[in-house]
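Feature annotations, reproduced from TrEMBL:
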REGION    1-30  region 'Disordered'
DOMAIN    45-80  domain 'FCS-type'
REPEAT    146-250  repeat 'MBT'
REPEAT    258-354  repeat 'MBT'
REPEAT    356-461  repeat 'MBT'
REPEAT    469-565  repeat 'MBT'
REGION    563-659  region 'Disordered'
COMPBIAS  567-578  compositional bias 'Low complexity'
COMPBIAS  579-600  compositional bias 'Basic residues'
REGION    676-697  region 'Disordered'
COMPBIAS  678-689  compositional bias 'Polar residues'
Amino acid sequence: MFDGYDSCSEDTSSSSSSEESEEEVAPLPANLPIIKNNGQVYTYPDGKSGMATCEMCGMVGVRDAFYSKTKRFCSVSCSRSYSSNSKKASILARLQVTGKPPTKKAKVLQKQPLVAKLAAYAQYQATLQNQAKTKAGNSAVSVEGFSWGNYINSNSFIAAPVACFKHAPMGTCWGDISENVRIEVPNTDCSLPTKVFWIAGIIKLAGYNALLRYEGFENDSSLDFWCNICGSDIHPVGWCAASGKPLVPPRTVQHKYTNWKAFLVKRLTGAKTLPPDFSQKVSESMQYPFKPCMRVEVVDKRHLCRTRVAVVESVIGGRLRLVYEESEDRTDDFWCHMHSPLIHHIGWSRSIGHRFKRSDITKKQDGHFDTPPHLFAKVKEVDQSGEWFKEGMKLEAIDPLNLSTICVATIRKVLADGFLMIGIDGSEAADGSDWFCYHATSPSIFPVGFCEINMIELTPPRGYTKLPFKWFDYLRETGSIAAPVKLFNKDVPNHGFRVGMKLEAVDLMEPRLICVATVTRIIHRLLRIHFDGWEEEYDQWVDCESPDLYPVGWCQLTGYQLQPPASQSSRENQSASSKQKKKAKSQQYKGHKKKRKMPVGKKPVSLSSLPMTGGVRRSFSGDEELTPPPYRTLPAQTALEAFPPPSTSREFRPSLKTVTTSQLKEELLDGEDYSFLQGASDQESNGSATFYIKQEP
């Protein structure tokens, strides 16, 4: 483990190559540090690793640019001159030991060949680069204007652990990587032109990112730095010795100890490090089965009630850029994770009875092929033979077109394999084009009363005037029944999230964007995600196992672009602009009721809620006939629009089942098998639990 560094002094001799003389030479000074590497011993002036001195002309240069395996000479000419010159020993001694000016012959031999000049120039450039890196590392702001490390340090934030994200790289094999784990990392506190390493300890973890401190700095945090643990330059202790890489102490503390080897032995005895196969596991966890040119069925962003065929254009970190098959210019796209419930294998829609838009392309394009069904996320098998969901049943559901709200909803159609078509009451298009498909086990649907019990604001049907909204009254007025509680998914995994944790989250209103986000509420397995720098109206309800949540540092690891928190100025500009546009629209639609408020500016391709019966359909695409604008790095602006209310109000229909208040209570509570979990706090909801606790005898 410690063979990479040896601070002791030894009498050594250099081995010669086949082109070099085997005659003995004058011994080198014993006070020069010696670094062993794969059994060979090299000496470097002033103890600088990576540098070498030509034994013929005395030139100092980059070791890797020197000639022969032993790197004793700067060029072929010096190697041959050394062999043929009978006075080579005295010349070398005069140049390296006595310090006397070289003789005339030595001056001739000291002429530097082209490779030596290039090596010297490379050394100079490398020194400048190292200095620039050191300055950049100490800078609070990265080149892109946002640094996770600085953001977390300056605000004392806590990031969600990697183990919370089972779908992310290393999510299932992160192990007990924690503070005080030692690793070998590049030494940036060094002016050497070649990459050298030193040992550092983890001071703080934030997702994939770790705050590191070099060994030897004790309580000195002046050179602490952040890096991604899964990066290619991060290795377990012992990697340098096995790979023949030198361990060089940082220049700032190099004078503190005379025997660094003994220091390392003392510090590392009993310490933890990364598993030997850590880098291999990282590489394996970043291999994705989906490939470009694969065909899938994906939700139609303009008609939520149906699917379309799309082709995988690219894969980044498991996220797929899907291009609808009929898009000629390949700009009509949709982003989602490969484990998203929005994508399915070819033929899925037909197998369960889901609506599907047939492609105008009757023949597969060359190179395109259907994705194997086993690659898609599996849903839990359900038994629909007994008591099951029925059309017309009421429930509460997250509106996929406004993820900050949980709304009153109705089951519109029961499909095969446990899938349901659901509509938001009061906001449905006449043709049902904005119905959406959820599985019966989906964590995005809830039994009647869920919001009230967990103190979440329930969004009533648009146009419903009897406020505050009461489920008992609404069910009686509409002649509806509530879906039985026992049919809903009540499993709550021990997810590990806590209120206040930081993460990187997909803006599902514009799913190509991944933003800096915070967990602000936890209701069992339901997380309230807030996008830093934006108002609460942009928040989104997301399941704890959603593939659209990622650890801090995921974007850096995969090469995906991270959207930083919105600045105060951009929010103010957007707010002023939205007010002006809203005023203009209010004059245009004077006397008409506005649609549900949607985020302005942050989502140019918003999943806006368009009007209900008799109006324009709601869709993923926002403005119906417009194509998505070009990709951006900062939020753009878009206008709020107002739409008229329903042309007719919902009337009581005697043909539907009418129930009494006592019957309503029985249906809501589903007999005596289940009872509501009253007053569940945000902190109490993590762990193995259920939305509704079964009463044990």
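From the backbone N, Cα and C atoms, a Cβ is placed for every residue, glycine too.
Keep in mind that TrEMBL annotations are predicted by a computer and have not been checked by a curator.
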Worksheet item: Taking 258-354, 356-461, 469-565 as candidates, which has the most Cβ pairs under 8 Å with the repeat 'MBT' (146-250)?
Response: 469-565
Discussion item. Give me the DSSP three-state residue breakdown of the repeat 'MBT' (356-461), ordered helix, strand, coil.
Written reply: 10 helix, 31 strand, 65 coil
Item to complete: Could you tell me how many residues in the repeat 'MBT' (469-565) are helical, how many are strand and how many are coil under DSSP?
Response: 19 helix, 32 strand, 46 coil
Worksheet item: Under the DSSP assignment, what numbers of helix, strand and coil residues are found in the repeat 'MBT' (146-250)?
Response: 16 helix, 30 strand, 59 coil
